[in-house]
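Engineer: This is the structure, below, for whatever I ask next.
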Amino acid sequence: MKLFILLIVIVFLISNSYSLSSSDSSSDSGSDVQYYSLTSQFQVVQGKQIPGSIAWGYFKDEMNKDGWGKLSIETVSTVSDNIAFKAAGYLEGYLTWEYIYKFSGNYFNSFFNTSNIKEIPTETLTFVSDNWEYMMERVNSSSTTDPYWIQIRNAMSQQIGLYEGYNAAAGEDYQKTFIEIYMINLYGDMGDIVTLTTTPNNEFIPMDRKEVEQLMATTGHCTSIIKLTNNCSDLMSAHTSWADFSVMIRIYKRINIPVASTPYGSETLFSSYPGLLVSIDDFYQIRPSKLHLTETLNTILNQTLYQQINAQSFMYWVRNLVANRLANNGFQWVSIFVENNSGTNNIQFVVLDYKLFTPYSTELQSDLLWIVEQYPGGYQAADVTLTLWEQGYWPSYNRPYFEEVFDILGYPYYVEKFGDLFTYEYNPRANIFRRDHSKLETLQDMMNIIDYNQYKTDPFSMGYPGNSINARFDIKGGSLPSGNPIYSWFYHGTHGGIDGKAINYDMVNSFTAVARNGPTVTSDCPPFNWNDWSLISHQYMPQIYNFTWISINI
């Protein structure tokens, strides 16, 4: 009954130090781009900005060419917010419906071992449905002029548009319910939702070394680094997403919705996935605010925290969109993001305000770099610009920075049992970044470090391919000669780094990036081949992932 009601409600409502050949770049120029426009009657027709259109864009299916689909969506500024955001979602769903369909089967299998919505646990479906209904109730009872609630409405309109656009383009055999489409957009939140709704109780249950290692390997999401060059000539960022390899159907997106309610965050360039309105890597460039966002996830090791998660909150995805669109600095972004905290996708968000950076400056302006770490029931945030200045870099690697968050999430228990592997200061990635950050002077250096995995020879990796910047848990690692069980490695599976992205100061101004899709390839790590994991869902994906870095210019 709830799903039926839900559907009724929906109706209501570069100058750089690296080189890339022309074949390794992505641009919207050239005859290979076919634009489509959306009319005010929500009909999709060929052509760019045809008379009477309210949105236009293109999608380039280049997954097998260089690893990435590329999507560009732009709306007019003269229609209502509801129409503009619904139009952006609709055109995205329409143009990328095949990718969404292909992605969805692997996505649902990775969480539920089935792609059949009828076989997904009822408790999970109920949570998702209740959450959407809760947001609808809050929106309908809230101010129509408050900027925060305007953007909540806009995000929901965009989600509805995505659903309607998908089904308008997909054939009869490929139709999806709203709940299915919404669950895809909940990718960042879904791990915690599934744990909450499928676990009998949420009491603290100590894990042995094998159990906690597998949990960290399969939920630890990403590595990132912000680097200030030694002469302060550049401020660079690089990030690798860690995930299940079955989600490696990727889209780089540029979304521009220049309505009056988004004076600081009308346009975003970000790495993403089919059917998602957010990045969830996360790796954003936003203008005109010139904010850059990236993050890594902090795994919940204290299961009692799940008692504080419920459907009556705003999930990560919607809080992310709202903060991106309203904030003009790091403090504002953090303040907006933590409102109505769901306690799902508990990440360390890193917010870099490029407006405040001047190359070759002798000091950094305060508020240049903010971080926030949320957890179920709370958060901590701070301006860490001084730390960036003193260290020369800001690393992030699935360990809470704030001591309070570290304690609440349950890390001290495992530090006491298993040592430095679980610490913020001395885990393998922390050690590698501390040793190597001073060598990072160019964009190419950032590309190299975020791809880094020399587990056979790097002492900090201790012989395990999961202990590096760009993990490869699909490659077996061995025990140390000492046989110490604390440093023996258990987990082996299709998880790890699935990409690389990087930007520098000039790229923020040109609204470009460089990116690579797929597990890292190094002298110690051969190209990933699905032949080695044929039983894992990987429909429609390239058989071998050996893509190089490309320039993103959408």
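Backbone N, Cα and C atoms are what each Cβ position is placed from, and that goes for glycine too.
Annotations for this protein, taken from Swiss-Prot, read as follows:
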- Asn113: N-linked glycosylation site (CARBOHYD)
- Asn140: N-linked glycosylation site (CARBOHYD)
- Asn231: N-linked glycosylation site (CARBOHYD)
- Asn302: N-linked glycosylation site (CARBOHYD)
- Asn340: N-linked glycosylation site (CARBOHYD)
- Asn546: N-linked glycosylation site (CARBOHYD)
- 1-19: signal peptide (SIGNAL)
Engineer: Counting other Cβ atoms within 10 Å, pick out the least crowded of the glycosylation sites Asn140, Asn231, Asn340.
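Structural biologist: So among Asn140, Asn231, Asn340, the glycosylation sites given, the one with the fewest Cβ atoms within 10 Å is Asn231.
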Engineer: Out of Asn140, Asn231, Asn340, which of these glycosylation sites is nearest Asn546 (N-linked glycosylation site) by C-alpha distance?
Structural biologist: Asn231
Engineer: Which residues of the same chain, at least 6 positions away in sequence, have a Cβ lying under 8 Å from the Cβ of Asn302 (N-linked glycosylation site)?
Structural biologist: Phe204, Ile408, Leu409, Gly410, Tyr413
Engineer: Please compare the glycosylation sites Asn113, Asn546 by how many other CB atoms fall within 10 Å of each one's CB, and tell me which has the fewest.
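Structural biologist: Among the glycosylation sites Asn113, Asn546, the sparsest Cβ neighbourhood within 10 Å belongs to Asn113.
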Engineer: Using only C-alpha positions, which one of Asn113, Asn140, Asn231 is spatially nearest Asn340 (N-linked glycosylation site)? These are the glycosylation sites in the record.
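Structural biologist: Going through Asn113, Asn140, Asn231 one by one, the closest to Asn340 (N-linked glycosylation site) is Asn140.
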Engineer: What is the separation, in Å, between the Cα atoms of Asn140 (N-linked glycosylation site) and Asn231 (N-linked glycosylation site)?
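Structural biologist: It is 53 Å, counting Cα to Cα.
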Engineer: Cα-Cα, whole number of Å: Asn231 (N-linked glycosylation site) versus Asn113 (N-linked glycosylation site)?
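Structural biologist: For Asn231 (N-linked glycosylation site) versus Asn113 (N-linked glycosylation site), the Cα atoms are 51 Å apart.
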